[in-house]
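S.K.: Sharing a structure below in structure tokens format, with a few things to ask.
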Amino acid sequence: MTSESKMQLVCLQDYEEHASQVLPPFVLDFYRGGADQEQTLRDNREAFKRWRLMPRVLRGVEHRLMATTALGYPVSAPIGIAPTAMQKMAHEMGELATAKAASDEGIVYVLSTVATSTIEEVSEAAPKGNNWFQLYIYKDRQVTVDMVRRAEQANFKALVVTVDTVILGRRLATERNELSDTGSSSSNNFVASLFDPSLTWKDISWLKSITKMPIVVKGILRPDDAELAVQHGVAAIAVSNHGGRQLDGVPATIDALPAIVKQVNGRCEVYVDGGITQGTDVFKALALGARMVFFGRPTLWGLAHSGEAGVVSIIRLLKKELDLAMALSGCSSVTDIDRSLVVHQSLFSNM
């Protein structure tokens, strides 16, 4: 065991630092990198700091419960694991370890299409898990249909359709490392051969017509797009900028969230991902109207540390920190977490 693995890791940043020491540089760059100059990647984290907590006191919080539901399924906490690609580069068990950890901890796990484990393997590893499947609508619709059928047969609970990747954004660190054997250009060409730039909202209607699985549309940043998603009958909207990996310069997701929540007005569930590094980030997102908060990269740091056990540790850390934030803000349940508990720093001086 290395000296790094013996470190006492007490927060998500500790796990990220450990991963930076043990993962090969090209793997670390692939996991950690963002698009172009990485403005959005940085701002996803920084934006949380601009939202300040306004705790209530003397509210009798000796009994606290963070359990809730997502698409009607019970979850132990309002957090879930976002889809991240090629997890076996972090640990030999990859997605199987992640799925087991999520199942054991009672939270949602979203399997990436670009995974190093199959839908069937994940289902076998976590047969009782609340497993969702992240889907791209490919040029070849039959490929898409086949993946949907496999997810249905494997008892996955929902489809998470990524809509911000009609073509692949530029990730400069990956290009420099030439992750594929013949360089990033061949990788981009391969992806371009699958993705369909001609996608429209009609394709969401088409997807609904071929499956009864609830559909989550992931990659919404504008209220008008959220309105269209609702009109097309989606079960949930995931406010997401692809972890800052697609179009650089778009808003941080926590800043985009309030307007989308207002537009949706309870007509479907609203989730958010991007930049989650601590339990107070989850708390702020819930206060701004998210029903569920998803995290991706921290899962990879947990995997890199100790596989399934590492992912369990990440989940438990976030639960512990969220519970602490709830107690210190006067909340006994997630339904107590409301908009009055956060204020943007730009408004703070006007209070």
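Glycine too: its Cβ is placed from the backbone N, Cα and C atoms.
Automatic prediction, not curation, is the source of TrEMBL annotations.
Okay, so TrEMBL annotates it like this:
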| type | residues | note |
| --- | --- | --- |
| ACT_SITE | His242 | active site, proton acceptor |
| BINDING | Pro83, Thr84, Ala85, Ser112, Gln134, Thr162, Lys218, Ser240, Gly296, Arg297 | FMN binding site |
| BINDING | Tyr136, Arg171, His242, Arg245 | glyoxylate binding site |
| DOMAIN | 4-347 | domain 'FMN hydroxy acid dehydrogenase' |
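A description of the local structural setting of each listed feature is requested, covering burial, neighbours and distances.
M.R.: Under a cutoff of 8 A between CB atoms, and with a sequence separation of 6+ in the same chain, the neighbours of His242 (active site, proton acceptor) are Thr162, Asp164, Thr165, Gly169, Gly219.
Looking just at the domain 'FMN hydroxy acid dehydrogenase' (4-347), the mean pLDDT is 94.
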S.K.: Taking each of the binding-site residues Pro83, Gly296 in turn and counting other Cβ atoms within 10 Å of its Cβ, which one has the fewest?
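M.R.: Output over binding-site residues Pro83, Gly296: least Cβ neighbours within 10 Å is Gly296.
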S.K.: How many whole Å apart are the CA atoms of Tyr136 (glyoxylate binding site) and Lys218 (FMN binding site)?
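M.R.: It is 10 Å, counting Cα to Cα.
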S.K.: Taking the Cβ of Lys218 (FMN binding site) as centre, how many other Cβ atoms lie within 10 Å?
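M.R.: Its Cβ shell of radius 10 Å holds 26 other Cβ atoms.
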S.K.: How long is the line from the C-alpha of Arg245 (glyoxylate binding site) to the C-alpha of Gly296 (FMN binding site), rounded to the nearest angstrom?
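M.R.: Distance between the two Cα atoms comes out at 12 Å.
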S.K.: Taking only same-chain residues 6+ apart in sequence, whose CB is under 8 Å from that of Gln134 (FMN binding site), what do you get?
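M.R.: Within the chain, Gln134 (FMN binding site) has Cβ neighbours under 8 Å at Pro83, Val110, Leu111, Ser112, Thr113, Val160, Val161, Thr162, Lys218.
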